[in-house]
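What follows is a single structure, written as structure tokens, with notes after it.
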Amino acid sequence: MFRALAVASVALRPRKAGQVWTMASHQLLVSPPEALRKPLSVPSRLLLGPGPSNLTPRVMAVGSLPLIGLMHKEMFQIMDDIKQGIQYVFQTQNLLTLAVSGSGHSALEAALFNVLEPGDSFLVGANGVWGLRAADIGERIGARVHTMLKDPGGHYTLQEVEEGLSQHKPALLFLTHGESSSGVLQPLDGYGELCHRYKCLLLVDSVASLGGAPIYMDQQEIDILYSGSQKVLNSPPGTSIISFSDKAQSKIYARKTKPCSFYLDMKGLANFWGCEDKPRIYHHTVPIISLYSLRESLATIAEQGLESSWRQHREAAAYLHGRLQALGLQLFVKNPALRLPTITTVAMPAGYDWRDIVSYVMDHFNIEIMGGLGPSVGKVLRIGLLGCNATRENVDRVIEALKEALQRCPRNKL
Ligand SMILES: *Cc1c(COP(=O)(O)O)cnc(C)c1O
Ligand SMILES: *[C@@H]1O[C@H](CO)[C@@H](O)[C@H](O)[C@H]1NC(C)=O
């Protein structure tokens, strides 16, 4: 509903022949919204879902620093610092390493838009929602997509991957390191080498696992690796990080067609991020303030040390798993070696509706946990221990909340 405003008098004056109106010549049909007159109000919550995670005080503080221009030398320095931070968390020497202006999905699209050409064979491990999305994007590009479909909870052995490689001769294989919809940690040792024996590039999604479980881009011969800002890194959503091996870069530079996205075209981005030895040319306005946050997150994890961060997540997850089992709950991933330390999936206890439990924990404890996603909907509850919030105290809080929810929520509803 909107009401028309009084007509501006300037619009009513008769027009003289040849006169050009530079003032408003129409009435405003949409009035200023009442809702925007109220001050912004946001609750403070403990975010223990699969992301986003709570920001650290340090990350919040840099969010209010003054804005500078994207072509200022100080900004280029911040971008260079970020690239070094990414090289550290990915454990890579790749020069084509940068942050993408967009959430985790934009890094996935950046990878696929740049590396795949129409007609390329693309092999996808789809053991949850992320592989299904990679396959969807591959189809939009016009690649020949071959999906190795598995129920959530499954992972891919070297033998299964080798069968896919020899059958489909793909140019690219997609695997998810931390499958956050199912709670599976995909092993990665040997997969890159195997792909390279079959002239295939390896693309890995580490959005949910980076910083919480070991990954070694160069040593594991991963060709394209990406992650997000809002999980273990405790930064605001809206930026993601990506790196390309020399082999992946060669495929991009040998393309016969332009990538179908200008915004995510790696040649333009590589130049703007100073990955080439050439003067930087404006490509698009990067999210400057979000990049301050990303730099601060990378600085925080570099100070803590990757190994210490991995240990923190492993210990917090082990403590959570023990306490969940003591409550009589079952973990969805049976093999402890395949459990993702950052995001735990609990098999949905019989008789409950997952929505009741998630709402109870939110309404009575102000804590976010989540149900499943895509193929795991209705099968699991998901609890995330991400970055600064991967602590025993938070495990105690969420266990107390879950215990009460299990007592109070209706049973045998389903
Ligand atoms: C969260 C997540 C994404 C998607 O990231 P967005 O920032 O929401 O675009 C991709 N992959 C995995 C494994 C994730 O957990
Ligand atoms: C979770 O993280 C937020 C942000 O760092 C922090 O304010 C809060 O104290 C943390 N909660 C606990 C219980 O550690």
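Glycine too: its Cβ is placed from the backbone N, Cα and C atoms.
Taken from TrEMBL, the feature domain 'Aminotransferase class V' applies to 71-398.
The secondary structure of K231 (N6-(pyridoxal phosphate)lysine), as reduced to three states from DSSP, is coil rather than helix or strand. Note on K231 (N6-(pyridoxal phosphate)lysine): other Cβ atoms within 10 Å of its Cβ, all shown chains, come to 28. Among the features that TrEMBL reports, N6-(pyridoxal phosphate)lysine is placed at K231.
TrEMBL lists R382 with the feature substrate binding site. In sequence order, G49, P50, S180, S181, G183, I343, T344, T345, V346, I369, M370, G371, G372, L373 constitute the residues six or more apart from R382 (substrate binding site) in its chain with CB-CB distances below 8 Å. In the three-state DSSP assignment, the secondary structure recorded for R382 (substrate binding site) is strand.
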Revision key, fill the gap. For the domain 'Aminotransferase class V' (71-398), the averaged pLDDT of the predicted model is 98
